[in-house]
Amino acid sequence: MDLYENQRSTSKIKRDASVNDRIPDGLFLACPYCGTQMYNKQLGDYRVCAKCGYGFRLQARERVALLTDNFEEMDADIEMTTPDFPGYAEKLARAKSQTDLGESVLTGVANIEGEQVALGVMDSYFMMGSLGSMTGEKITRLFEYATAHQLPVVLFTASGGARMQEGINSLMQMAKVSAAVAAHQEAGLLYLVVLTDPTTGGVTASFAMQGDVTLAEPHALVGFAGARVIESTIHEKLPKDFQRVETLLENGFVDKIVPRAELGQIIAKIVKLHHRTEI
């Protein structure tokens, strides 16, 4: 029996201190809609859930790179005086640094599948895409340029609503942009909206719902007040998908839900069709 005694090894595996065994942030993600856990690279270039088709949120420049053949930015350097709200200047500076944008919307002239359009893309990473004075000014100028140059407007909406730090000046942008939209439409020009996740608040209450054609990405959240606010007001539980674009489609507020990878082709087809009706 002595042959089998004290044979257990007492040596220990040494850990290489130079190796970082921590899983990097963002390596695995959960789909905000269906909850599926997936490896980051499974999303692909379009950052879409392989199970349900939900499009993860994109920064404005990412979307422009995926969507357009070429893009020339407008009004990149315009600035407006910001209100003296505590901490606002610091938040603006941080948002500009994180997104490489001057405001929560990127505007310019683009070619999509060979069709020239005036393009606006809101960015939810810039202070939740909130509607500030500069945001409204840039979108207004986009419509004015499009009207003067007889171009269709394609606007991707993504917003948490009015920017509270700017008070009434933020709310005024709803009417300001709406007036520019009306002038563009009176000129017989096409305004195409693409609703993305999330589109809420004052943006939903104004120019997001004024398009001649309204497209949407799958499972995007679109509404005015948040679900919890509504439930606390009416004291009822809201139905599943109450503020999702699938419900809006069923009730006539959206014309078509389009997978992100197909948006360029669909937008180009609609623009071409509108050109034919003008002849």
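The backbone N, Cα and C atoms fix where each Cβ goes, glycine too.
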Practice item. Give the range, chosen from 31-52, 207-228, 251-272, that Swiss-Prot lists as zinc finger. Key: 31-52
Practice item. Grab the pLDDT values for the zinc finger (31-52) and give me their mean, rounded. Key: 93
Practice item. Rank the binding-site residues Cys31, Cys34, Cys49, Cys52 by the number of other Cβ atoms within 10 Å of each Cβ and report the first-ranked residue. Key: Cys49
Review point. Which numbers of helix, strand and coil residues does DSSP report for the zinc finger (31-52)?
Key: 4 helix, 4 strand, 14 coil
